[in-house]
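Feature annotation from Swiss-Prot assigns signal peptide to 1-19. The substrate binding site annotation in Swiss-Prot covers Trp39, Met40, Asn41, Asp42, Gln60, Tyr102, Ser103, Arg170, Asp171, Glu223, Trp311, and the record cites similarity to another entry as its basis. For Asp42, the entry in Swiss-Prot reads active site, with the evidence type sequence analysis. What Swiss-Prot lists as N-linked glycosylation site is Asn64, Asn97, Asn112, Asn118, Asn165, Asn266, Asn275, Asn356, Asn369, Asn384, Asn398, Asn512 (among others), and the listing cites sequence analysis.
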Amino acid sequence: MLLQAFIFLLAGFAAKISALMTNETSDRPLVHFTPNKGWMNDPNGLWYDAKEGKWHLYFQYNPNDTVWGLPLFWGHATSNDLTHWQDEPVAIAPKRNDSGAYSGSMVIDHNNTSEFFNDTVDPRQRCVAIWTYNTPESEEQYISYSLDGGYTFTEYQKNPVLAANSTQFRDPKVFWYEPSQKWIMTAAKSQDYKIEIYSSDDLKSWKLESAFANEGFLGYQYECPGLIEVPTEQDPSKSHWVMFISINPGAPAGGSFNQYFVGSFNGTHFEAYDNQSRVVDFGKDYYALQTFFNTDPTYGSALGIAWASNWEYSAFVPTNPWRSSMSLVRKFSLNTEYQANPETELINLKAEPILNISNAGPWLHFASNSTLTKANSFSVDLSNSTGTLEFELVYAVNTTQSVSKSVFSDLSLWFKGLEDPEEYLRMGFEASASSFFLDRGNSKVKFVKENPYFTNRMSVNNQPFKSENDLSYYKVYGLLDQNILELYFNDGDVVSTNTYFMTTGNALGSVNMTTGVDNLFYIDKFQVREVK
């Protein structure tokens, strides 16, 4: 216990000292959480403190290096608005230097089913963390409880609460299932391709109920499962159950990604409606999605956040003294009328970014209500940009316009560096492919130029959200935050998250719109503004 306390104190001290260094790196994201220093990966233990009005985010954390390594801790951050985060001292530490406090979740034990609490702890703050203790010999599920609202934790003396004689059994995600008055856990038998479902009365004794196995993309292993009831967009009083599973390695685009299944849950078994794997985010940098145990109802009931990186290259990204960021928090719903193609409707996960900003520049409108030609490109300079921008674009394709398939029929946006315009992001839509593309390779940063896994070009299929008067309309919202880009198509029916890296200090702030064809694209609205 003395060694554990010493490690805990060292990590907390390092986190506090590094707070002084936060502003030394000019390209740190403004509205995506990053640790003050050290390595970060999976989000863990997400919950909302209804007493204090505060959100809690824990995460896999190595304070001693900028690459993954043991011992691995639970880092901690808090927020009042889900956008601006305050780094907190380490919350959970492993017992040994060759071990890790691996991923897990948090619950609020309002009714004290665990008997860890007395009346001095507000029921809204009765936090119990369920996490994987990893050693070279095994992975076992532990619980720890907090008596101070989630800042420090005491380990349950009779841990582990669940073991399987395996080194590949991890990532417990726990929620309360009201109809049966039981706790439900999903945990990954990673290399058996199983998500096992357990139930418990007290968080201490667990019963295996069923397994969801060998479904969707298998890759190398399953990780970071989650099961949550998600309301429908058309009628929020109705809902379906969604099973999230992370895959690494083995993503179709390389490395790591998240898939999901839509179905029903009866308290013991999850049954997918069609067993078809669906993709949560089509970018390269969105992994280990976890949803919040509870929320402020004004934000909705299904909120989640993911690690904004990819295991293929995460150890090499050019940031210092930290490495990795989180995505924005997203509000999830299910679009039960998603038009996958002209003949098929599907149930589709919809994502809406949570972004609370009070200090932003004015929206700059240009090219709106105009038809693009090769001769009339549009541009705007945000000369004081710090590199965090958001934009909204609504455009239409003229379906009566005949264009040769051999012509690259693009609408392109160019976000160029203010100090060096030879560094830029190019993104846009190509009509023949009906896809939105991104080129993040136009950088002088060595990592971008030389790392073969950092895919420079990628695309996402897009379908119009409406068609009228021979025009097919598309919509995209984008947030560029220093070195991470989130794109939401047609109000979040499709999402793509990707990191990018420019020379330090070369903030993106010059925006150009061009096309390679005449009279094909109609711009209904385009606006951009700086986020400060």
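Backbone N, Cα and C atoms are what each Cβ position is placed from, and that goes for glycine too.
Feature map: Swiss-Prot annotations on the structure.
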{"residue": "Trp39", "record": "substrate binding site", "DSSP class": "strand"}
{"residue": "Asn97", "record": "N-linked glycosylation site", "DSSP class": "coil"}
{"residue": "Ser103", "record": "substrate binding site", "DSSP class": "strand"}
{"residue": "Asn118", "record": "N-linked glycosylation site", "DSSP class": "coil"}
{"residue": "Asn165", "record": "N-linked glycosylation site", "DSSP class": "coil"}
{"residue": "Asn266", "record": "N-linked glycosylation site", "DSSP class": "coil"}
{"residue": "Asn356", "record": "N-linked glycosylation site", "DSSP class": "coil"}
{"residue": "Asn369", "record": "N-linked glycosylation site", "DSSP class": "coil"}
{"residue": "Asn398", "record": "N-linked glycosylation site", "DSSP class": "strand"}
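The two recorded residues Trp39 (substrate binding site) and Asn512 (N-linked glycosylation site) have their Cα atoms spaced 36 Å from each other.
Listed in sequence order, the residues of the same chain lying 6 or more apart from Asn356 (N-linked glycosylation site) and placing their CB within less than 8 Å of its CB are Asp81, Leu82, Thr83, His84.
For Asp171 (substrate binding site) paired with the residue listed as 'active site', the C-alpha to C-alpha distance reads 10 Å.
Long-range neighbours of Asn512 (N-linked glycosylation site) (same chain, six or more residues apart, CB within less than 8 Å of its CB): Ser377, Phe378, Ser379, Leu413, Trp414, Lys416. Neighbour density around each Cβ, counted as other Cβ atoms within 10 Å, peaks among the binding-site residues Trp39, Trp311 at Trp39. Annotation note: Asn112 (N-linked glycosylation site) sits in a coil segment as assigned by DSSP. Rounded to a whole number, the C-alpha distance linking Asn64 (N-linked glycosylation site) with Asn97 (N-linked glycosylation site) is 12 angstrom. When the CA atoms are compared, no recorded positions among the candidates Asn118, Asn275, Trp311, Asn369, Asn384, Asn398 lie within 10 A of the residue listed as 'active site'. A strand conformation is recorded for Gln60 (substrate binding site) in the three-state DSSP classification. Each residue contributes its Cα atom, and for Asn41 (substrate binding site) and Asn97 (N-linked glycosylation site) those atoms are 19 Å apart.
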